[in-house]
Amino acid sequence: MVRLPLKCLLWGCFLTAVHPEPPTSCKENQYPTNSRCCNLCPPGQKLVNHCTEVTETECLPCSSSEFLATWNREKHCHQHKYCDPNLGLQVQREGTSKTDTTCVCSEGHHCTNSACESCTLHSLCFPGLGVKQMATEVSDTICEPCPVGFFSNVSSASEKCQPWTSCESKGLVEQRAGTNKTDVVCGFQSRMRALVVIPITLGILFAVLLVFLCIRKVTKEQETKALHPKTERQDPVETIDLEDFPDSTAPVQETLHWCQPVTQEDGKESRISVQERE
């Protein structure tokens, strides 16, 4: 029973000798190794050899296409990011031994994700639609329909809806109304149209005036008849004075129209018409 604790003690001493415990803590920018604290390699350099009892940590600068941004004990530097133009990327800032290359989307493109590993073209607003919000490096174009009085006749990622042209302000007349895709068409007023409209207008005015005069005349005649009623016309009676004629008792020979004598019968009075006497 005494030998078991002794064996455990011996094994503990053996393991401690083979794997010595590192120091409990190292200074800032140091790392523990082989029971000692070694300095970390500064930004822009990579680790070549750990420190020993007689040497310091051995570091080597990164190549021109590599970088390390922090204090480290890395054996290899990181490659600079490649801004692939086929993905719509371009270099915003070249990388150094301490910093990585910064990529941004080229003109007319925006990032497809938060890491901006690739870019895509801005969406276009087609005719009838205008740009409500322009695209940025991380967001796409937002379009909106053109309201009444505005139009857009192009496909664009930057053009807003434009107002219709005011023909009146230019002294012109509207020949064709605008739509959400087309502008108003203005032009000069046609002379031929004026030559047609003017006579028609004058004719209408003349007709109205003529009707007015006729109505006025009829109304005036009716008023006159009402004030002065018309009296019934009587034919004059012709009177004949009998004194101008001889005594009707005297025998008179009657004649006909053809001057032929007519024999008066006894006992009948002679009747001569007023016309024959005249």
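Cβ coordinates come from backbone N, Cα and C, glycine included.
The following features are taken from Swiss-Prot:
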DISULFID  C26-C37  disulfide bond
DISULFID  C38-C51  disulfide bond
DISULFID  C41-C59  disulfide bond
DISULFID  C62-C77  disulfide bond
DISULFID  C83-C103  disulfide bond
DISULFID  C105-C119  disulfide bond
DISULFID  C111-C116  disulfide bond
DISULFID  C125-C143  disulfide bond
CARBOHYD  N153  N-linked glycosylation site
CARBOHYD  N180  N-linked glycosylation site
REPEAT    104-144  repeat 'TNFR-Cys 3'
SIGNAL    1-20  signal peptide
TOPO_DOM  216-278  topological domain 'Cytoplasmic'
TRANSMEM  195-215  transmembrane segment
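Sequence features, as recorded in Swiss-Prot, placed on the structure.
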residue: C38; record: disulfide bond; contacts (Cβ under 8 Å, 6+ apart): Q30, Y31, P32, H50, C51, E56, T57, R73
residue: C77; record: disulfide bond; contacts (Cβ under 8 Å, 6+ apart): K46, C62, S63, E66, F67, L68, S97
residue: C83; record: disulfide bond; contacts (Cβ under 8 Å, 6+ apart): L89, Q90, V91, T101, C103
residue: C105; record: disulfide bond; contacts (Cβ under 8 Å, 6+ apart): G88, L89, Q90, C111, C116, C119, E137
residue: C143; record: disulfide bond; contacts (Cβ under 8 Å, 6+ apart): S123, C125, F126, L129, G130, V131, K132
residue: N153; record: N-linked glycosylation site; contacts (Cβ under 8 Å, 6+ apart): P127, K181, T182, D183
residue: N180; record: N-linked glycosylation site; contacts (Cβ under 8 Å, 6+ apart): G128, P145, C146, P147, V148, F150, F151, S152, C161
Practice item. In three-state terms from DSSP, label N180 (N-linked glycosylation site) for me. Key: coil
Study note, to complete from the structure: Within 10 angstroms of the C-beta of C103 (disulfide bond), the count of other C-beta atoms across all shown chains comes to 22
Review point. Reported as an integer number of Å, what is the Cα distance between C37 (disulfide bond) and C59 (disulfide bond)?
Key: 15
Point to revise | DSSP-derived helix, strand and coil totals, residue by residue, for the repeat 'TNFR-Cys 3' (104-144) | key: 0 helix, 17 strand, 24 coil
Point to revise | DSSP-derived structure type at C41 (disulfide bond), helix or strand or else coil | key: strand
Point to revise | Spatial neighbours, same chain, of C26 (disulfide bond) - Cβ under 8 Å, 6+ residues apart | key: P32, C37
Practice item. Only counting partners 6 or more residues apart, tell me which same-chain residues put their Cβ under 8 Å from the Cβ of C59 (disulfide bond). Key: C41, P42, Q45, K46, L47, V48
